[in-house]
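Participant: Here it is: the structure, laid out below.
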Amino acid sequence: MASPIIALLFFFLSPPFTSAATQAAKTFIFRVDGGSMPSIFPTHHHWYTSEFTQESSILHVYHTVFHGFSAVVTPDQADNLRNHPSVLAVFEDRRRELHTTRSPQFLGLENQKGLWSESNYGSDVIIGVLDTGIWPERKSFSDLNLGPIPKRWRGVCQTGTRFSPKNCNRKIVGARFFAKGQQAAVMGGINKTVEFLSPRDADGHGTHTASTAAGRHVFKASMSGYASGIAKGVAPKARLAAYKVCWKDSGCLDSDILAAFDAAVADGVDVISISIGGGDGITSPYYLDPIAIGSYGAAARGIFVSSSAGNEGPNGMSVTNLAPWVTTVGAGTIDRNFPADAILGDGHRLGGVSLYAGAPLNGRMFPVVYPGSAGMSSASLCMENSLDPKHVRGKIVICDRGSSPRVAKGLVVKKAGGVGMILANGASNGEGLVGDAHLIPACAVGSNEGDRIKAYASSHPNPVASIDFRGTITGIKPAPVIASFSGRGPNGLNPEILKPDLIAPGVNILAAWTDAVGPTGLPSDPRRTEFNILSGTSMACPHVSGAAALLKSAHPNWSPAAIRSAMMTTTNLVDNSNRSLTDESTGKSGTPYDFGSGHLNLGRAMDPGLVYDITNDDYITFLCSIGYGAKTIQVITRTPVRCPARRKPSPGNLNYPSITAMFPTSRRGTLSKTVVRTATNVGQPGAVYRARIESPRGVTVTVKPARLVFSVAVKRRSFAVTVTVDTRSVVLGETGAAFGSVTWFDGGRHVVRSPVVVTQLDVL
């Protein structure tokens, strides 16, 4: 006789026959209250397969950062399970996207000095990289002269296609792959003609990010002669664990990402690097976002999580990965570029960039044509089969950026008989340029230069052009510049938390590459190269992951929040011309909505003086303050929580290293808001700090007390920041905000700066 519980669940799982028969099954993720499992079941897996769904439907069972499972069921079955008293949440599996040698020095790291020497280059810190896998044979992953694998490591080297335990070593200490969600979602499963059912990287992105974070020193590194020199990661002696969750041409599924978080935390990583974000432009609340849920489970166990801010800039509110327990990283340029000039028949030379390494044009002029002049958008974008060979054969073709991969446009031009390409930005990309390893002579130019070339091609009776490839140039000024594609604030979920947190090098970054595809990643690219040059917040994120490994090695007792605070409060706000950071898309000065607290400077982050620490209880209080109920919060935290019954906390009081004061648009006159911060002294015991305030126009910022005195016994001091705004005189810029700062200084080397954002905004 069936138990009453099982009989009841049989009723739950029996939707009307016609509905179940006609509905297509999908993957859903079920968050279950693990503490409510009846004692008759020996494991959660037994419980799930006995009460919730059949064994064959289950893809992953989650134990560590999340209690629950993912399974392939019909929407009706998912709805029925939603009503089960032990089910806290149900969400459909979503597809995510990847946020696709001088940079360590550009962060203020030098051999035998500072953080590199004091952290022993990150030795024994383990970085888990959730990405497309790894190409283990690359020199960047050599374990030469590395000590034994840390004894606390519990991970494995998973066997699969062209991958065995021999592919791991003292550098790559673990490797796993997560394919069940992908196989359930893709008709026919994973395409084994282009992919490896193993941790081996068929895409290149994961090899690149892993070596950016922790690649060993490799001499004579370059990408087809570009960026030649020594390649090395930010933490060259840190250990790596690869978690393959993304698959070539198929993206990354939430169910697999969550399983990787679960495994990485159980394995014993110290840092998680995840250059992945929402692929549909929708920002989910934290309790429906497996990256936010998985990263909370990691952060709650002392693991630092670094994530990319997304590549949807320069649009406002485009930043992704918004959870306050995640460090969200935007992208800036470095002081190296790969210039290529478009030379017009009228003598004008217009600057662009390129990584083309084939036979040069040697100054030879060719007819130049813009296929978009006839008004056909597909032709202007050089989409597949859009170009008429009669019009482009033997010519340099101007193609608009967008809708298809940049390098693929060159192949379309080549197929139609064109000899070269000038890739022109549109207004949305502005002057932001990205170098590509083109298969034909090609360069990218900014929006203004593109318009000038198009005007020349349409107005001149015999327009001709050439392209001059000028190789690698270093010492570029200004740098860093905020990359035009970098995701921008304000935070679309909780504007009280400034995102991105900071920016790091993310443009034209040289790092290791897979041997499975060429540098363009296109199937038709026959070239193979040990290194590749890529751009994206995907490249910025592992810089911060490597930085966190160095800081963790130098300060093993620091929490993830303390490490982030050390980075955020010591950033650079000026470029190498000693001017304020500029926005690549506009050429104007950037704001904290563009760069967060500023550009990462590891030389100063090693010794920040003060840090703003955050506990798990603080995060729970924050979730209460934004209106989440106890059951909703438990979806994120795993454990039951209680929110304050009487007085609702304020989200602005989360002890974050940045400060945002939000005022409702409906109120007029003089308005005030006070937030509280607590600083922890990690410098000299008897330090005394004084406040320096920069108030925006029409705003008064005060700090009480204005002096913080620390001692051996007193390591923490709280202070209140009051922001008073006169709505009649405050000047809110184009972003709808005004910006200032609160800085604590001790008269010596420590300058601890927090940006202050003042805005009028009504939170829904």
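Counting starts with 1 at the first residue shown.
From the backbone N, Cα and C atoms, a Cβ is placed for every residue, glycine too.
Reproduced below are the annotations present in TrEMBL:
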SIGNAL    1-20  signal peptide
DOMAIN    36-99  domain 'Inhibitor I9'
DOMAIN    122-582  domain 'Peptidase S8/S53'
ACT_SITE  Asp131  active site, charge relay system
ACT_SITE  His205  active site, charge relay system
DOMAIN    367-453  domain 'PA'
ACT_SITE  Ser538  active site, charge relay system
DOMAIN    653-758  domain 'Subtilisin-like protease fibronectin type-III'
Participant: Looking only at the domain 'PA' (367-453), what are its DSSP counts of helix, strand and coil residues?
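Facilitator: Tallying H, G and I as helix, E and B as strand, the rest coil: 29 helix, 19 strand, 39 coil.
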Participant: Whole-number Å only: compute the distance from the Cα of Asp131 (active site, charge relay system) to the Cα of His205 (active site, charge relay system).
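Facilitator: Cα-Cα distance, Asp131 (active site, charge relay system) to His205 (active site, charge relay system): 7 Å.
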Participant: Over the domain 'Peptidase S8/S53' (122-582), what is the model's mean pLDDT?
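Facilitator: Across the residues of the domain 'Peptidase S8/S53' (122-582) the model's pLDDT averages 94 on the 0 to 100 scale.
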Participant: Going by DSSP, how much of the domain 'Inhibitor I9' (36-99) is helix, how much is strand and how much is coil, in residues?
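Facilitator: Result for the domain 'Inhibitor I9' (36-99), in helix, strand, coil order: 21 helix, 21 strand, 22 coil.
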Participant: Provide the number of Cβ atoms within 10 Å of the Cβ of Asp131 (active site, charge relay system), excluding the reference atom itself.
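Facilitator: I count 30 other Cβ atoms within 10 Å of it.
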Participant: Residue counts in helix (H, G, I), strand (E, B) and coil for the domain 'Subtilisin-like protease fibronectin type-III' (653-758), per DSSP?
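Facilitator: Split into helix, strand and coil, the domain 'Subtilisin-like protease fibronectin type-III' (653-758) gives 1 helix, 61 strand, 44 coil.
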Participant: Would you kindly give the Cα-Cα distance separating Ser538 (active site, charge relay system) and His205 (active site, charge relay system), rounded to the nearest Å?
Facilitator: 8
Participant: Count the other Cβ atoms sitting within 10 Å of the Cβ of His205 (active site, charge relay system), across every protein chain shown.
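Facilitator: There are 26 such Cβ atoms around His205 (active site, charge relay system).
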Participant: Report, as a single number, how many Cβ atoms besides its own are within 10 Å of the Cβ of Ser538 (active site, charge relay system).
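Facilitator: Summing over all protein chains shown, Ser538 (active site, charge relay system) has 30 other Cβ atoms within 10 Å.
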